[in-house]
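Shown next, in structure tokens, is the structure this report addresses.
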Amino acid sequence: MSRLTASMCGLALTSAALINPAMAQEDPAKKTQTAKTFWGVSTEKLEYRYSDSDEELAVIEGDAYYGTDELKFRWLFEGEWEEAHNAWETLENQFVAQVPVDDFWDAKAGIRVDTPEGPDRVYGVLGLTGLAPYWFEIDTNLYVSDEGDASADFEAEYELLITNYWILSATFESLLAFSEDTEIGVGQGLNSTEVGLRLSYDVIGRSFSPYVGVVHERKYGDTADLARDSGGSTEDWFAVVGARLSF
Amino acid sequence: MKKRMLAALFGGLVSMAVTAAEYDISVDRVQIDTGDFVKEGIGYNGASPGPILRFKEGEEVTINVTNNLDEMTSIHWHGLILPFEQDGVPGISFPGIKPGETFTYQFPIVQAGTYWFHSHSGFQEPNGAYGAIVIEPEGREPFRYDREYVVQLTDKHPHSGDRIMRNLKMSADYYNRQQQTVGDFFAESGEKGFMAALQDRMMWGDMRMMKADIEDVQGFTGLINGKGPEQNWTGLFEPGERIRLRFINSSAMTYFDVRIPGLEMTVVQADGNNVQPVNVDEFRIGVAETYDVIVRIKDEKAYTIFAESMGRSGYARGTLAPEEGMTAEVPELREAPLLTMADMAGHMDHGGMDHGDMSSDDMADMNRDDTGGDDMAGMDHSAMGHGSMDEGDGASMPEDPFYAKGSGLVPTASNGGKFLSYADLKAQNPLYEHREATREIELRLTGNMERYEWSINGIKYEDADPIVLQYGERVRFKFVNETMMTHPMHLHGMWSILDVGEGKWNPLKHVISVAPATTVYMETEVDAPGEWAFHCHLSYHAASGMFRKIVVEGGPDSTVAEGKQNGTPGGES
Amino acid sequence: MNQILKNALLPAMLLAISSGTYAAGEHGGHHGSDSVGEPGKAENVSRTIDVTMMDNYYEPESISVKPGETIRFRVSNEGALVHEFNIGTAEMHEAHQEEMQMMVEHGVLKGDHIDREMMEMDMGNGHSMKHDDPNSVLMEPGETREIIWTFAEATDLEFACNVPGHYQAGMYGDIDFE
């Protein structure tokens, strides 16, 4: 008798467990009372750069996303337009799916398509993005190209609030290759670093924030050699002026 | 708008005359002019706020709501006790009102006092779809007044509700313009030394939490009855009169600290229910709460009604004056409060966080006293010392049992006088016989500030089962706020009896505000069958998941078949 | 008011409560107890006025008397809360409310209950929180009591309940002189 009761309870529990997800779908208020999908478009950088060697660049870096708390699809884009050559020196587009893995961290996976002047590359991307202690925004990715070369990048940003509208943001980016890909000017080891300091002012909410700043770019090792060989510079200081946009 | 008629109804052995009243409300696109900006919004009968609906206790009301929008709408009668099909929550009470459709609400008025109504669809409420309800009691009020005004507060924002939600999801601090700056850091190091200031910053930075995280959505204009500070809503009076002010906080997100410099206020009602009168100089009104106060004005001069937001990022202002055009001084906003480690205590214990390099002594201090509600006020709020973190503040810290000990949010009256506390609220005339609760349900208020995700017991509404209650039971809800935000929790359809430690005198409310790192108890006599909504009344918290459906099984005329619902009994535990 | 200040004030307040001839008599200023009148004798009573205490109002809300008249007030508390019936000027009531506030803060007065034992308690210096002034009665729900009062010359008088908040909520009435 008690056995029967127990097995009936078990059955009831199992069926409840099975039905519950279905029931969860059935509560129509979950649709009417919650906001589920979101989108956003922003450009972290939209700037004009003028180097100490009179080089002129237009730089854009931003992203657009659509998704839920649990899953976002993100398109990240980055490009450097070189005034002298009238060409994209770099142009990359990433399409990634992003999921939370921790209170503060998201994992990303997807593809990256580079279509600058010169040879194209397609990469598989695995990345991690989030907020580290002490308010450092971190973004780091591992790439494997269609040529079989692996590389990684690391970006960190810290925003210092001079006031609640004047913001000084410090950025650090570095690129690292595990094997060389001379065709696109990549040597093995640490490729390059970019350090930037930008002072912005929020003019319209956080949707339009013009800024001025300085950027220091440097290439290392074989990558620097490859750059020198093709007549490029290995170290540049830029004055930058631009705006952060967000919709 | 209002067609009153007398209908004689004969029922059973007794014949009784029931007044019936009929109202027509249209839901319209409107322009909202705050004085600071003009914004397209949603209103009722062509205006935002909508009309004041005046009901009479004991009557049967019929309200025809016509949807002139091109989207679904609904009206929820906030705080009213009514059949659940009339409660106006799309997906729970009814399907909602389609564009072009007229929906007829019909329900008896079984209570008196000050309430309000608002849309429960999308972000129509923050976009302007709200109005006031005043219910005249059958008997005499337990207080006297010569005239009355509704003072309906809101936090009108230049952005639409959808945009605000989206921006908060993009960046939780999108609207926070009170963050600690470099200047603040130097001011702080001037006060308590560079190392101490640095250590403090490091501690908060380590947790990735902000002291200044009190108001999620700043940049609003505070309105009183639809008028911005410059437009100065004015209520007229004759010197010597007693005036009843019916304060309603219809904000999407903003708590207000309300005062009328030069006048003492006597609080006589909270959330529509009469309370034993309390004289105060100032009170804090949580989102969706109402407080009725009486002021007696002897002098022939103007007085400012000043409602500062809890985080001091904005204010609403109105005037009481003997004649139109007279004004009184408008005070400056006081300095913005900052959260302390005490407000973080709930989060630290349960958030599963890495506590970094904080010393073990600090941690020992932060352990919450979780032994249960054995203390007088029925609370077991954080018993945290603030030791090395808030040196010098300790002795002079104001206290209120409904805030964590050492909390930065404890309010003080600007004139040094009496600030209303929940602990002061005692029912004037208890509605229910006092009895032991039949069971307790713990609801942890949880969230992820950085992602702007809000939940109950760590589960968002979309992933949650309903909370199932049995008709006839008295449930004791234990709210444990593990976040650093204050949450005004609103139960539809049944009264929330706030445990202030006064037994049968515990007051009846419809919104229970739970401060960071505190535990607050409320009890509910489960006397309303059907399905009800239960949620944080901060619009963007509710919409991001701090919401539950409550199912009451059994009871008379139950339209919810037993067994049809699959939530676990008690739901959350 | 912070705890320290409150504690410091307590003895002072007790002194005020128990040493005044009439509740708040000391604070009445020029509307002193003389113009308020004085406890009357049963043989002088010209009529009886029934006053009902409700939550939180009186029935009736005004009474009229003649200068020099002695009246028996038969006061019954039909409310659910503790109420007071106190004859005095508005200023006297205001002062008395502060004293009653102390009684609430020290737990002597609770919604529907008066802790008479605590009220009688000797606070160690011969003072207590007694509330036994002849111009006033403090009553629990269900109680009925009488005050015999001889009014003096016409002056602005009110009967009032000084339980904190009650006066402000409107629990007072005018005493009109015919």
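Backbone N, Cα and C define each Cβ position, glycine as well.
Small disclaimer: the values here were computed from a predicted structure and weren't measured.
The annotation domain 'Plastocyanin-like' is assigned in TrEMBL to B:33-138, B:220-311, B:437-553. What TrEMBL records for B:1-20 is signal peptide.
In terms of DSSP helix, strand and coil, the domain 'Plastocyanin-like' (B:437-553) has 11 helix, 62 strand, 44 coil. This prediction places the mean pLDDT of the domain 'Plastocyanin-like' (B:220-311) at 98.
The domain 'Plastocyanin-like' (B:220-311): residue composition by secondary structure is 0 helix, 53 strand, 39 coil, according to DSSP. Per-class residue totals from DSSP over the domain 'Plastocyanin-like' (B:33-138), listed helix then strand then coil: 3 helix, 49 strand, 54 coil.
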